[in-house]
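Asker: Have a look at this one.
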């Protein structure tokens, strides 16, 4: 009996947000942006777009790896151009950081952290440069 | 004859036992009555509030938002968990912490085996998974709400938007229709992003429902 079924549309926003907060922001945006207008509105909220850790968490939830190609493509082609102006904090890793930083503007970016970057790349990118970030962190690869 | 210390102690023990074994009745919206003890009551903030406010006696507490087919399993869940140690309060609302996404591991892989088997009886296809989640929310049973929501999160993780749409039978309403129609957007108040760069570009700001 259809009238007894609780469907997705019946679930209030507060519960959907509670569910989505069990996921990392990168997971929320990848899976839920553009599902429909309602979810699009929810995932555009700053709680999901303000801070982005653009690495993929491994099952132990402690270590990370670069985003897979399909996810990175989706972020660069669709997601980041749409939400770039909402992002205040970015955590990037070496293999994808150039592409991500070039794909759109980040006018409200205040905090940038770079992980798994070798010292040569860091020198080439940042030596002699100026940034007006509030917080800038580089984690170098140790050999 | 003066009462002895042993008599006082026995009276205190009896009172304690009466409190924990106190039975109250709850009634689903389709008329079924369930008997629950205080250990179950304590897990539901809604039932606890209602039982405190009402002089219930033999009268069942009505729960108009929950049907018997959902309330029965909820009682079973609470009976199973009534001797659990009280969990530490979680500060899930600390959205101001800019490092929350990295320093707060998002755990949805920590559902214990009994709870995993319990939640399997509810499915998206039958609508019962969202039923149990909304009932847990209405009854204020945080542990059950967490189990249900983590289950949904695990289903979503790694899926594309089209796969999510299919999994939850969600209709696709393309941009440009409904709320996103040009004449609907015009005149809507929206958040204007602050910018340090006058040449900064970005899409038109969406109304931010959380800040309205």
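From the backbone N, Cα and C atoms, a Cβ is placed for every residue, glycine too.
Relevant sequence annotations retrieved from TrEMBL are reproduced here:
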type: COMPBIAS; residues: B:191-203; note: compositional bias 'Polar residues'
type: DOMAIN; residues: B:22-83; note: domain 'SKP1 component POZ'
type: DOMAIN; residues: B:142-173; note: domain 'SKP1 component dimerisation'
type: REGION; residues: B:81-107; note: region 'Disordered'
type: REGION; residues: B:175-212; note: region 'Disordered'
Asker: Under an 8 Å Cβ to Cβ limit, what residues of the same chain, 6 or more beyond the ends of the domain 'SKP1 component dimerisation' (B:142-173), are close to it?
Answerer: 43, 74, 77-78, 81, 84, 87, 107-111, 115, 118-119, 122, 124, 129, 132-133, 136
Asker: Do you know the DSSP helix, strand and coil residue counts for the domain 'SKP1 component dimerisation' (B:142-173)?
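Answerer: Residue counts in helix, strand and coil order: 22 helix, 0 strand, 10 coil.
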Asker: Where DSSP helix means H, G or I and strand means E or B, what are the helix, strand and coil counts for the domain 'SKP1 component POZ' (B:22-83)?
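Answerer: With helix first, then strand, then coil, the domain 'SKP1 component POZ' (B:22-83) has 27 helix, 12 strand, 23 coil.
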